[in-house]
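Contents: one structure, followed by commentary.
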Amino acid sequence: QVAAASGHTVVLVDQSDEILKKSTKGIEESLKRVTKKKFADKPEAGAEFIKKTLKNLTTSTDAASVVHSTDLVIEAIVENLEVKNNLFKTLDKFAPEHTIFASNTSSLQITKMANATTRQDRFGGLHFFNPVPMMKLVEVIKTPMTSQKTFESLVDFSKAVGKSPVSCKDTPGFIVNRLLVPYMMEAVRLFERGDASKEDIDVAMKLGAGYPMGPFELLDYVGLDTSKYIIDGWHSLEPNNPLFAPSPLLNKLVEEKKLGKKTGEGFYKYK
């Protein structure tokens, strides 16, 4: 959406036409919300903006057949290294030499993905934040093999889609999640020890630190399974790092399929 809205030609690829129809409808709805604010007193200009943006967007279920005419591939599929690497290996065979590959992963090593291809110098991370149309930040990740030219292209692209890029090396969680995930885990440990209630911890961080959500609200919003997946991955990389220690309570909730907002219950219950 943000790429198409900023004048880029975009091909959105997914596994089925059904998913793509739903995605396109979602983008259209999102654009309507954007135009309500952006073109509040000019509805005609708003309608024109939506039309123009959607014109820049086509869809496909076959990534290999469309990659031959692209300059940049951004992967945003399931957080599973093997699945990502298989996709990149395939696309590497069909993409032109100049095409840059980027991953939107929040927790996996970019270097491991780059090594699945023959274009390690044209490979980096572009980590966007949810909801992307609203959130200004993009973390641009440079691996030891990413060329300066590739890095600059990724920074330029981030600016061209109206975002504020920050740069980080290929370290677990990059900047935001590297600080955010241990903070959320520390909150769980504080609660596990019985030092404070989850409600009071949430209120304290909202009113004392000015955060829009408390750590337990945020965990439920992100998904407890996602948070567990990230912490388990980092724990296997650095088993002696106390910040990455797993939480028995988090593991228990995930086992009980209480994954947060998406399942109606996590640390809190949702209707």
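Yeah, the Cβs are placed from backbone N, Cα and C, and that goes for glycine too.
Record features (TrEMBL):
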| type | residues | note |
| --- | --- | --- |
| BINDING | S30, K37, S106 | CoA binding site |
| DOMAIN | 1-171 | domain '3-hydroxyacyl-CoA dehydrogenase NAD binding' |
| DOMAIN | 173-270 | domain '3-hydroxyacyl-CoA dehydrogenase C-terminal' |
| SITE | H127 | site 'Important for catalytic activity' |
Among the CoA-binding set S30, K37, S106, as the record gives it, the longest Cα-Cα distance in Å: 30
S30, S106 as binding-site residues, winner by CB count within 10 A: S106
Position of peak Cβ density within 10 Å, selected from the recorded positions K37, H127: H127
H127 (site 'Important for catalytic activity') as reference: those binding-site residues from S30, K37, S106 with C-alpha within 10 Å of it: S106
For the domain '3-hydroxyacyl-CoA dehydrogenase C-terminal' (173-270), residues assigned helix / strand / coil by DSSP: 65 helix, 3 strand, 30 coil
Mean of pLDDT values spanning the domain '3-hydroxyacyl-CoA dehydrogenase NAD binding' (1-171): 96
